[in-house]
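Listed in TrEMBL for this protein:
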{"type": "BINDING", "residues": "A:28, A:53, A:114", "note": "[4Fe-4S] cluster binding site"}
{"type": "DOMAIN", "residues": "A:28-383", "note": "domain 'Nitrogenase/oxidoreductase component 1'"}
């Protein structure tokens, strides 16, 4: 059904992984709230944490904070820590004030942070208690987005995993797609499933609580994002079964992802080709245009979102780049394996980080493009290296066929810009 | 617990980072969980710095909790020593590390590091960013400064400018120029661009210029006590304040100081006839205490505005701002809750807001012009061009900044004159924003509109109200309604509207 062939000379699935420990220059899982709250329109995310947590959210959310965002921080004060007040009573009071002000909220997430985890504030019990108080109007759940437990996109994983146990049970044979996608991308995906005759399709997360997402022993699920390890485990516990596939980035990735699902649902090969032929051709054309100045260039991934492995696969195979190092905060063989298999052997595959050592490797290799966080991007540019800041890859629509050209464009733009700017005096 | 969406200040360790990043040759080892490195991007993005802040984080994770975190701290400190080879080091804990009670200072002491290591106490659950900066700078000065003879020439230090400071870069340049014109050399500027060895030389100066009390006052007081250095009390923002500041310097140094005011344009710009329309513009001022105090004086005495409210978010300055509010005959608002600020602004209905990034957004929501005068600020307020607040050029910059958001005199006159014009009415939108003029629709106002005070606007009065230019209409509506409510009127007619107008005339 697809013509994906492993690279000659072998892929990277069996490459020994360089595991490093040291200073990690990454976001914590709280950051996931920034895009999750846009997706789940009736949810509010209440972080229980410190001023640092509130400051992080505001730094990451930028100007969005003024659009009456559906997230906030209950800041712990000295009296909460000294046991001078009952933290649970305090939390109940703040939740009551919040829900009074925002009666449109149907799902409330109590989000744990480093301080709340370290003082062992039992938010799970609080969530159960509050669910009883506010049922049936509001459902209260709990997950941790703390830096000590989660890295960046893992916050979404923790959130979705917290929803899985309370999903209604269904024995129906169905497809569940997990991972928050921009609405436009989600619509394209649903359109393709419809044309392929695959259904019913359920979404996690759904746009609101009333969407009938269910799970059960006859559910098969596919992940659209590579950072959903805990969610996958939670779905497995409900009896659902995962469809292993590379992630839907680029023409190849999207085709392979769809093909794995089509195969599961016994879709006829002719129908598959007929449905995908036109969008595949469009995607290939768009990539070819956008990736012109990527061909033959080298790329270095610093760890950030766990998207690094599938994106390295896209850039090496479809944009003809060479990977120097592919760093990821975590690598799970069951999830990242299919993509690693397709990356031509050669690059260092690294998990974790010791940022100063890794920066020394970047400086040695002098890659044409370094994918990294905003704390490192400008400093590396000042050293004459071109960078692509990684967080944009999480916010921008990049999945599936129609976005394949845009995805290549995100990487080629910094290189194009560099060649356009000529600020030195003329000879 | 307190529910917060927006915070005016970060936690105290961010203040410590502002000092460390401002300096050179100093390294900060911060005991903090994975994720706290987010603060790096404030410096690399908002301030557009071309290097990483000199901060090494321990970035501990859940699996490290227990005894392991202490050795993690030592490893981080050791690797910072070998990697960055600093002249001195500061060590501290962020909010989470404060809870696990490793003692960074004690741990560093046992390592036998052969450079000065300065431990910081940063109480994250009771204090905030500005405190963190002030305290860190004070500890650094206290640890590193060395008693020594005063310089032969009269010199001063400039204390308080940091990284991520609102216009600190250009304020320092302007101030050095101003002092130099008065024959006074600058010994050390700190913490901005100072090295630990520069800090050692601070006591050689004759006096200190305390440029920003929020971030330099503790150090200035200590230097006054310990090294006999008086410090200036006036922050030279605004024309009057700059002249007072120079008089203070003249008094401290015993010199006759006659500043060169040839570049100063604010006074003439403000006197010129086009500025007449600024008279009595009602402004609300909010920000950090220092900038609010300076701008209140500028607004009232140099621009001819009416100050209808002032406030600050940093409690350290609450006393000053309360005293100042009394002097201006207004209520002081001391709060870190932007919703409270929004309510106050709504109630006061000013014609202009001078504030921070948050007030800019509040102004946008309420349709009130706003100029940014204080941190926290976003990337656009770290401009490429020279834009000080301090001194005579600072005054010029401030005049332009305060006037641009307002509709200037001639423009206001024209708008009023042509308010019924078919293509120049206020629903048409501003032409320079690329919007296409929309022709005025002549739909009738169907229903009399009920106001919040249960006073009903009669149709004619509502129509008359619409003829008032949009930027003063809100005030006219509120004034008329309160006028009617006070007199127990249940309906507002055209007469009521004009009686209220006469009543509130000034």
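Including glycine, each Cβ sits where the backbone N, Cα and C put it.
Annotations in TrEMBL come from automatic prediction, not curation.
The structure, with features from TrEMBL marked on it.
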| residue | record | DSSP (3 states) |
| --- | --- | --- |
| A:28 | [4Fe-4S] cluster binding site | strand |
| A:53 | [4Fe-4S] cluster binding site | helix |
| A:114 | [4Fe-4S] cluster binding site | helix |
Quiz item: Long-range same-chain neighbours of residue A:53 ([4Fe-4S] cluster binding site), Cβ under 8 Å, sequence gap at least 6?
Solution: A:30, A:47, A:73, A:75, A:113, A:114, A:115
Quiz item: Taking every protein chain shown into account, which of the binding-site residues A:28, A:114 has the largest tally of Cβ atoms within 10 Å of its Cβ?
Solution: A:114
Quiz item: Can you tell me the mean pLDDT for the domain 'Nitrogenase/oxidoreductase component 1' (A:28-383)?
Solution: 95
